[in-house]
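J.: My questions all concern the structure below.
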Amino acid sequence: MADTPTSRMIHPFSNIPSQNLKQFQYSDNPQHPCHPYRAPSDTHVVPHHYGLKSHSPDAGYESQATPNKYTLDSSEGAGCMRHDSPSSQSFTTRSGSPLSQEDSHSDSTDGSPVGASCVTEDPNDLKQKLKDLEAVMLGPDSEIVNSLENSVANQLSLEPEKWVRMMGIPRGNLKELLIACARAVEEKNSFAIDMMIPELRKIVSVSGEPLERLGAYMVEGLVARLASSGISIYKALKCKEPKSSDLLSYMHFLYEACPYFKFGYMSANGAIAEAVKGEDRIHIIDFHISQGAQWISLLQALAARPGGPPTVRITGIDDSVSAYARGGGLELVGRRLSHIASLCKVPFEFHPLAISGSKVEAAHLGVIPGEALAVNFTLELHHIPDESVSTANHRDRLLRMVKSLSPKVLTLVEMESNTNTAPFPQRFAETLDYYTAIFESIDLTLPRDDRERINMEQHCLAREIVNLIACEGEERAERYEPFGKWKARLTMAGFRPSPLSSLVNATIRTLLQSYSDNYKLAERDGALYLGWKSRPLVVSSAWH
């Protein structure tokens with residue numbers, strides 16, 4: 001079985017499985033940050049699955065199940081995934097109406113006759129006197145007050161579906177309803193939220209059409225955002241983690257279903273092979289080595305080089321949280337790659353560096369003069385905090401540091417999306433558009449009611465979606481940027497583009513022949529884009 005990659009945060013192209021949709025349990029373990037696969041230190045933290053629980057002091061959402069679909073549950077007392085009652089669900093508010101009129105109390109304490117008469121007079125007479133008093137105090141505005149009160153009462157009596165239609169959203173238009181709900185969350189419009197969440201719950205389903213499946217996780221992200229902010233969000237989203245062997249199985253499941261990882265690996269390896277052609281000593285620095293899968297094909301290619309293979313040294317960087325998916329530390333990666341190199345008769349050395357990418361300094365890398373240096377960032381640099389998160393701006397610092405090492409090539413593979421600094425409504429809409437394409441591409445390959453597919457989407461894609469929607473500041477680990485922004489950063493760091501060769505382009509086109517015709521390959525601005533239909537999803541580029 002082919003080796004497969006892992007992911008820190010679980011970007012769209014990796015997976016975290018689950019054996020049982022009922023296994024969600026809540027935890028307030030303070031060791032887990034908002035980013036579920038990143039620890040604040042290098043201490044090993046076993047990652048957890050995430051379900052949802054509302055911590056809102058104003059209204060806790062209860063889940064109500066109806067038949068025939070897998071659904072998500074955000075109740076406080078139940079697990080967030082319900083399989084025993086497969087269906088769409090709706091929310092009700094335990095606190096009742098989101099709007100309530102304040103009671104006004106007027107106490108008379110001065111012993112006046114009015115105060116005495118309040119006790120002794122006929123109740124009907126008392127009511128009339130109070131109305132007369134109200135008329136004097138409110139004057140002509142009393143009719144306005146009554147009108148407003150009646151309007152609120154009428155609104156509250158509306159069923160959510162009717163209220164949504166009054167907003168001009170066509171019945172069943174999930175995309176528009178999701179965007180409207182996100183806008184209501186941004187505006188803190190609790191009444192609109194309480195109307196739209198139940199209606200959304202009737203439409204979304206983790207076993208439905210692509211947009212319905214995605215919508216289930218988008219709603220969970222909105223609920224998590226409402227529940228709290230920052231690190232406490234993911235305290236409400238923790239669930240048990242499967243054993244590492246199951247984890248790897250699900251990673252392989254998605255790796256084979258979609259070509260995104262293979263595209264990234266093949267394009268980066270092709271650029272590296274071109275850049276180090278004729279070199280006798282090669283040093284590759286991989287800022288997210290994961291399982292080391294990317295380098296197997298490159299070692300095989302270097303072994304076939306005319307005149308014999310070069311000496312290869314790989315520095316593998318990965319923080320300790322990835323050890324769970326591997327079932328051990330970086331030494332497992334080193335042993336595996338050493339075995340492959342031995343079979344290929346390639347002189348090989350592995351240098352493990354168990355540290356967060358944002359903490360890497362030049363002194364950690366052991367660069368030796370005379371080596372041809374290649375630096376690889378595959379679906380990793382968007383995890384590195386930039387200037388919008390911290391004045392340290394490790395994203396640009398790393399690029400400047402790498403440039404100071406004079407590499408032959410830097411390879412960058414990233415998601416083509418703009419969610420880093422966009423305001424929340426735009427970020428939500430971009431996330432919806434991007435992941436719609438991802439879920440559609442999966443839908444063409446795997447049955448909708450396939451349990452492995454449901455688990456894969458739930459425990460991989462869902463946690464990234466929730467992070468994008470629910471978290472802010474340092475807790476929002478998923479910070480994608482479009483290629484234009486990466487190009488500007490690399491240029492400012494002193495890099496120049498190295499267009500990918502026609503051979504790389506042709507090799508990837510051959511790969512895509514095994515997949516749907518809806519996958520599109522395009523080359524522009526010196527970069528190679530892989531997309532679904534008209535939506536670019538992943539972009540690969542090389543720099544020197």
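Every residue, even glycine, has its Cβ placed from backbone N, Cα and C.
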J.: Tell me which of 202-206, 282-286, 322-326 corresponds to the motif 'VHIID' entry in Swiss-Prot.
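T.: Of the candidate stretches, Swiss-Prot labels 282-286 as motif 'VHIID'.
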J.: Return yes if the region 'Leucine repeat I (LRI)' (172-232) and the region 'Leucine repeat II (LRII)' (332-364) have at least 3 CB pairs under 8 Å (sequence gap of 6 or more), otherwise no.
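T.: Output no: the region 'Leucine repeat I (LRI)' (172-232) is apart from the region 'Leucine repeat II (LRII)' (332-364).
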J.: Taking helix as H, G and I and strand as E and B in DSSP, count the residues of the region 'SAW' (470-544) in helix, strand and coil.
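T.: Secondary-structure composition of the region 'SAW' (470-544): 25 helix, 22 strand, 28 coil.
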J.: Among the recorded stretches 332-364, 373-467, 470-544, which has the greatest number of Cβ pairs closer than 8 Å to the region 'VHIID' (251-316)?
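T.: Counting Cβ pairs under 8 Å, the winner is 373-467.
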J.: So, by DSSP, how many helix, strand and coil residues make up the motif 'VHIID' (282-286)?
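T.: Once the DSSP states are binned, the motif 'VHIID' (282-286) shows 0 helix, 5 strand, 0 coil.
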